[in-house]
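One structure below.
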């Protein structure tokens, strides 16, 4: 990212439901254990990404994950946990 | 937070350190809020009710609060005591401490080099009249604060110099004081060496250079609106009629070469935004500032660092010949200069942040933090827009109570981090929401630290100038509607939270981990 673009990034009105592409590698904080499915979830805005793998001890951690599939209409996706990068702040 | 029991436990332990012990409190987990709660109460009484802006007083308050909290802890108090140690050694506190020390050295060296004198020269050269003077003051105070990082420092310097000059030129006093405070808000919010910028970045796991670049858009929108408002209001609001000339006051304090420190300031900003570590960025700025001071005769080397060697010392016979030493009477021995004073100025705040983080750690291990967070997430921050609005309003609320804005920022920072991470709001965005209200409201409310320190300076002016009467002193209660940049900055962030302007998610881009500062 150039120095100039650092100043301009984010100059837009962002949706509450971001979309993702299959194969995309992302960094997310793991939000919670979904009560219905029992799967780990990362909530990005109102979009929910369900983990194919991973244990409950990564809740709150920042992880590297790969998007396996994404449903644009329902704002739901499935991701694979690759690596735990850090704990959340505090 | 214990995360070491599952299959991935080893990996997590490497990241988080060894498992930690929870603290149980009489009366349940909400009672772990006592240390921070007592401190907030102390801060409200001290700064809000009594109007005492003494950071060391807050240190005393936090110490008392930690002792009070201990009496509510169940079992062996050793666990409670150890938690204080664990909190104080957290990286978030250490990073703020390091950055503050560097920022303090830099800002004091700029002031020693006559930066304000350069701005005075610029104001004089621009030859603006009374109507436009508040707008010009806003720009120059904003520049000054962006350079030195401390809005309190700008409030003092500009209230002492630009305020009387503006009055003489026919500017409206209330508007002029509002413009000074607005400039302080701008720099406090944007400067990479500002204490609030540093806290906002390190508590949200973001690099300072990236934070400064990402908040530029909000700051500029608010600043343009504020500038237009000062131009209009300057023409609409009448000044006082005083038959004295401002010229003399300007000429006495004018030092065109002081403007060279705009370069020192840019060195820090550009280096930090380029992604260099903030310690490196400020060090380069400091070196440039010292060189400019000496080469352009802005300040002698002894203003940067001076050893006052006692005459009783064995080195007294030769130390006086050094450019950074002088021989003094034994009782006056010591070290001084901008490097010394700049770092020392942050000592009370450093101790305070260490103790507040310790209090927060007790609240985290006692479950109080989680209880508040759960309540907020279940009842208030139930979607990403509401979460951001909660962050904006929550920060504003805490800043309205704890008027030493850095202390307020440290207290609310963990909630901004947790609520934001719940919706994967980007660390830059979280840092920006946190800092905008912290910077703005500390200079708006009549009991705010920045307002009071400026007011105290104005009160000294009648004793300084014969023509300046105490009726010209602006009361803090009069000025709050006219801190235009503060209000616009708050408005920009409230609208941003409600509409999603500037919203970025964790998945959009990442902060530089290696330059966590």
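Every residue gets a Cβ built from N, Cα and C, even glycine.
TrEMBL does not curate its annotations; it predicts them automatically.
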Correct range for transmembrane segment (source TrEMBL, candidates B:197-217, B:218-238): B:218-238
Range annotated as transmembrane segment in TrEMBL, from B:319-338, B:339-358: B:339-358
From B:2-21, B:282-301, the residue range that TrEMBL assigns the feature transmembrane segment: B:282-301
For the domain 'Na+/H+ antiporter NhaC-like C-terminal' (B:201-487), the mean pLDDT of the predicted model: 87
Remote residues contacting the transmembrane segment (B:26-45) - C-beta distance under 8 A, at least 6 residues beyond either end: 58, 61-62, 64-66, 68-69, 72-74, 356, 359-360, 362-363, 365-372, 401-404, 407-408, 411
For the transmembrane segment (B:132-155), sequence-distant contacts whose Cβ falls under 8 Å of one of its Cβ atoms, 6 or more beyond its ends: 103, 106-107, 110-111, 115-116, 119, 122-123, 126, 162, 166, 169-172, 175-176, 178-188, 190-195, 197, 223, 226-227, 230-231, 233-234, 261-262, 264-265, 269, 439, 442-443, 449-451, 453-454, 457, 484-485
Surrounding residues of the transmembrane segment (B:93-120) on its own chain - C-beta under 8 Å, 6+ positions past either end: 87, 140, 143-144, 147-150, 153, 157-158, 161-162, 165, 193-195, 198-199, 202-203, 208, 250, 253-262, 264-265, 268, 278-279, 282-283, 285-286, 289-290, 292-293, 298-299, 303-304, 337-339, 341-346, 349-350, 353-354, 357, 410, 516-517
